[in-house]
Amino acid sequence: MAAHAAPVEFALPQVLTYPAPTPPILVAQGAEGRLYKTTYITPSLPCALKYRSPKQYRHPILDARLTKARIQAEAKVLDRCCREGVPVPAVYALDATAGWLAMEWVDGVPVRQGINVWLGDRPEDDAISDAEVADETPLVDLMKRIGDAVGALHRTGVIHGDLTTSNMMLLPWADGQSNGASSEDGEKKKAVGGDVILIDFGLATQSVTDEDRAVDLYVLERAFASTHPRAERLFTHVLEAYKQTFKKAPSVIRKLEDVRMRGRKKSMLG
Amino acid sequence: MDTTKKKRRIALGCEGSANKLGIGIIAHDPETNEPTVLSNVRHTFVSPPGTGFLPKDTAQHHRAFFVRVAKQALANAGVRPSELDCICYTRGPGMGAPLTSVAVAARTLALLWDKELVGVNHCVGHIEMGRAITGAANPVVLYVSGGNTQVIAYAEQRYRIFGEALDIAVGNCLDRFARTLEISNDPAPGYNIEQLAKKGGRVLLDLPYAVKGMDCSFSGILTRADELAAMMKAGGKGPDGETFTQADLCFSLQETVFAMLVEITERAMAHVGSNQVLIVGGVGCNERLQEMMGAMAAERGGSVYATDERFCIDNGIMIAHAGLLAYETGFKTPLEESTCTQRFRTDEVFVKWRK
């Protein structure tokens, strides 16, 4: 009975209507905003432009206030991460009032995709066994790099707010080191190789409490388990590496135990 | 009287989790399962302006009116007690004392007429009635009332909560602000805020906006709105030197909290990939909320489903409907287990009647 989802044509943000060497490409569309790939800012180098379009349902004053505050907050967080060596895209330019933020284009694939290539068509009930958890496979190495990245993020006092394997990119290493003998093996190895870059800080906040950090980890743990059930056991390597990178990790991990126990659920009053 | 081969199934539902006492009678067609509302009677306990409804007084109200409302419901439906299949009642969530008094009354009816009892989750009642009335097959549900604020979607036999209020419910925020302004609670504080808000809108006052992922929080907004109301009463001006009225306050409060609700609903819709949204619960009657939700849904190429006050506001018919759905799958509540509880999460209910 509901109207069928008609292909909605989105109006470009004004900045993308100006002449550029290549036309903008709509890469992703979420509830928050839209992501374009464009060469408007730097002709020789593509960049990622995040646009928070005006929400028709919202009062215009409120909408303008929120859009501006959110673009500014995201830019501030990215800038802080960049300065402190957390692997995130660099900010190129922004216009908070117009609602856009241009960032470094990460030329890679989401970690989710890399892990799925590695796992291949491994059947559901053939989950990674205890023996394999101890193996030093390239996938385990990727888990450690994820832990390192999140550890570095928390060390700078930033909470991502939406950590998933879709919000992490794999920036491929320069070739030459990982070319294995058998091609299929090499492909798989390549799929989980590369530097881990954290992206999409639309829900990020700045905080240094164990509680916030633990909830951030919990969100990742839950997302990981539901996205990659077969590799669920490898998550312990993420936490191990997190401990190595981040000095205050032990108290966060203790808090994580509490968070796991209560979930995100509260018992409610009528 | 009923001469068809297969008898239609009839349930009586008793609701009293807050200040509304509602009794309704529903029939399900034996062939099509189509629900028909036979009667839907409600009596509301209205407290004086500036006050809320206390559990003790509300329970007393429900006890005093139960027999009258029940008789009226039977008379309107033209149904004799012997024709009923089961008696449904609200197990929770809600206020303890009112829930208990209605549960006692429902037990009494079950014993008196020798019927099975069915305990119903109040939130599931709202969702099922909303689906039945609007025909929305599998929507994202925004459940907003005086006690609850949840964004819900169905998956694998349960109504799963994707987002919710972390502190007070949105309806509670509105009700309490109505108390601050000492406006009437008749017919409902939220309704009177809505009417006042229509006269406001010259200025939009700055209130906190507290959305965290798919969750949100309202207590800080209430505190700020109360502060602004105190400034106004003292004859002062706003933080930016502007003058404002009660109507402007109501307008700003509505615009802010509804924008938050629409935002978390949109996020849930994007998350589960749905473009239908159903609004249920007392706050769902608010036409401004419906309008904003409609604008969001249209942007996503979808549509919004809402019901009117007969079904949005707490009522007995939704308890009868959800209870009868469960009863048809073989569910019943034995007398010795026919308790009620203030805390009863929507996702605790095993939804056997849906695929």
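In case you wondered, yes, glycine gets a Cβ from its N, Cα and C as well.
In TrEMBL this protein carries:
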BINDING   B:His122, B:His126, B:Tyr143, B:Asp314  divalent metal cation binding site
BINDING   B:Tyr143, B:Val144, B:Ser145, B:Gly146, B:Gly147, B:Asp175, B:Gly190, B:Glu194, B:Asn286  substrate binding site
DOMAIN    B:40-320  domain 'Gcp-like'
Checklist outcome for this item: Close in space but at least six residues away in sequence, with Cβ under 8 Å from that of B:Ser145 (substrate binding site), the same-chain residues are B:Ala18, B:His126, B:Ala169, B:Gly171, B:Gly281, B:Gly282, B:Val283, B:Gly284, B:Asp314
Item to check | Neighbouring C-beta atoms (10 Å sphere around the C-beta of B:His126 (divalent metal cation binding site)) | outcome: 33
Item to check | Remaining residues near the recorded divalent metal cation site, that is with C-beta within 8 Å of the centroid of the site residues B:His122, B:His126, B:Tyr143, B:Asp314 | outcome: B:Ser17, B:Cys123, B:Gly125, B:Ile127, B:Ser145, B:Asn148, B:Val280, B:Gly281, B:Met318
Checklist entry - Of B:His122, B:Ser145, B:Gly147, listed here as binding-site residues, which sit with their C-beta under 8 angstroms from a C-beta of chain A? => result B:His122, B:Gly147
Checklist entry - If you run the three-state DSSP split on B:Asp314 (divalent metal cation binding site), which class comes out? => result coil
Checklist entry - Could you tell me the C-alpha distance between B:Gly147 (substrate binding site) and B:His122 (divalent metal cation binding site) in angstrom, no decimals? => result 11
Item to check | Three-class DSSP secondary structure - B:Gly147 (substrate binding site) | outcome: coil
Checklist entry - For B:Gly190 (substrate binding site), what is the secondary structure by DSSP, using just helix, strand and coil? => result helix
Next on the checklist: So, three-state DSSP: helix, strand or coil for B:Asn286 (substrate binding site)?
Outcome noted: coil
Checklist outcome for this item: Listed in sequence order, the residues of the same chain lying six or more positions from B:Tyr143 (divalent metal cation binding site) whose CB sits under 8 Å from its CB are B:Cys123, B:His126, B:Ile127, B:Thr149, B:Gln150, B:Val151, B:Ile152, B:Val280, B:Gly281, B:Gly284, B:Thr346
Item to check | Rounded inter-Cα distance in Å - B:His122 (divalent metal cation binding site), B:Gly190 (substrate binding site) | outcome: 20
Item to check | Arithmetic mean of per-residue pLDDT over the domain 'Gcp-like' (B:40-320) | outcome: 95
